[in-house]
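Undergrad: The structure is given below, and queries will be raised subsequently.
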Amino acid sequence: MAGIPGLFILLVLLCVFMQVSPYTVPWKPTWPAYRLPVVLPQSTLNLAKADFDAKAKLEVSSSCGPQCHKGTPLPTYEEAKQYLSYETLYANGSRTETRVGIYILSNGEGRARGRDSEATGRSRRKRQIYGYDGRFSIFGKDFLLNYPFSTSVKLSTGCTGTLVAEKHVLTAAHCIHDGKTYVKGTQKLRVGFLKPKYKDGAGGDNSSSSAMPDKMKFQWIRVKRTHVPKGWIKGNANDIGMDYDYALLELKKPHKRQFMKIGVSPPAKQLPGGRIHFSGYDNDRPGNLVYRFCDVKDETYDLLYQQCDAQPGASGSGVYVRMWKRPQQKWERKIIGIFSGHQWVDMNGSPQDFNVAVRITPLKYAQICYWIKGNYLDCREG
């Protein structure tokens, strides 16, 4: 026991050196502070009316894996501006292209991806369930209608989206655009919100408190306009495109639900437990909202590689984590990525499959936030 006082003194000295108290609360995973760039429109061009003849893809596949992405050069300033320029589609079928400028751009902002020639040309059965199916169907209106599950919505094209503002939904670009043209149904795109379905026509704000919901149904709101980055339109799933597989939808009216803010994706090692979470409308469980969580297996600057169980229909789901927000002294969930699709990757000569999420980087945060708020001064905190 004689060594215990000496050990205690050593611990105290270590705490003083690290400027913390030996009696402080356990460490909390904290949202990092970032010096964010600014992405601003510079010019807008009118384009010909859009075509809507692409077949909806509920998943995107790519064979360019982590090493392929990590080994490619950074884009030039002009290339980064090109990728972050964007196309806007309006409800009447008209569209515009907006070119952007980037300010306070650091060396690490964005990567252009090349194709891994050794990983192409393979045809394998896609497997999006890893061992035991770890997904959870969410039942009961007390869960479905409350945060965070209530932020998940269904797109009329078959994908999932997440409420990120009073009138805005974040989803995957491939849910509305195949990289060349718009998906069938995008011109009349709608977003579905789960609501209780009452018997005998009861329900809504004027229904009696004794009315019991029979089951859930979708209530739909039309989309006013969509934004898709040119990095997606000019690329494809085997090139840089997957890095830009995200889109923002603006609704015709507010949805009146609590939404989840977007945030810059921290490094995987800073995520609580190294895990991510997301909920979506997987096609193999029709009508059900399906929740899952899993560990991040690898990462690049733009992508998170994981093996969360998922099926087509979950694409576009917002990937989120819950961390401590120091200025407000509270826990907060934020969307840090968008679930995109599936990849077969050659890892040291053997095939490995992943599900992939697009990370919200500082540049992407600046772009998406500007789409939502329309004022870069409101986008200084990621």
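Start at 1 and count along the chain as shown; that gives each residue its number.
Cβ coordinates come from backbone N, Cα and C, glycine included.
Found this in Swiss-Prot, in case it helps:
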- 1-22: signal peptide (SIGNAL)
- Asn92: N-linked glycosylation site (CARBOHYD)
- Cys159-Cys175: disulfide bond (DISULFID)
- His174: active site, charge relay system (ACT_SITE)
- Asn206: N-linked glycosylation site (CARBOHYD)
- Asp239: active site, charge relay system (ACT_SITE)
- Ser315: active site, charge relay system (ACT_SITE)
Undergrad: For Cys159 (disulfide bond), identify the closest of the recorded positions Asn92, His174, Ser315, judging by Cα separation.
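TA: Spatially nearest to Cys159 (disulfide bond) by Cα position is Ser315.
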Undergrad: Quick one: pull the CA-CA distance for Asn92 (N-linked glycosylation site) versus Ser315 (active site, charge relay system), whole Å only.
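TA: Computed Cα spacing between Asn92 (N-linked glycosylation site) and Ser315 (active site, charge relay system) is 26 Å.
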Undergrad: What's the CA-CA gap between His174 (active site, charge relay system) and Ser315 (active site, charge relay system) in angstrom, rounded?
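TA: For His174 (active site, charge relay system) versus Ser315 (active site, charge relay system), the Cα atoms are 9 Å apart.
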Undergrad: Indicate whether Cys175 (disulfide bond) is helix, strand or coil by DSSP.
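TA: Where Cys175 (disulfide bond) sits, the three-state DSSP reduction gives helix.
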Undergrad: Looking only at C-alpha atoms, tell me how far Ser315 (active site, charge relay system) is from Cys175 (disulfide bond), rounded to the nearest Å.
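TA: Checking the Cα atoms of Ser315 (active site, charge relay system) and Cys175 (disulfide bond) gives a distance of 8 Å.
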Undergrad: Using CB atoms and a 10 A radius, I'd like the single residue among the disulfide-bonded residues Cys159, Cys175 with the highest neighbour count.
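TA: That would be Cys175, with the most Cβ atoms nearby.
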Undergrad: Looking only at Cβ atoms, how many others are within 10 Å of the one on His174 (active site, charge relay system)?
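TA: That number is 29.
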Undergrad: Neighbour count first, Cβ atoms within 10 Å, every protein chain included; then name which of Asn92, Ser315 tops the list of recorded positions.
TA: Ser315
Undergrad: Going by DSSP, give the three-state secondary structure for Ser315 (active site, charge relay system).
TA: coil
Undergrad: Based on DSSP, name the secondary structure state of Cys159 (disulfide bond): helix, strand or coil.
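TA: SS state of Cys159 (disulfide bond) = coil.
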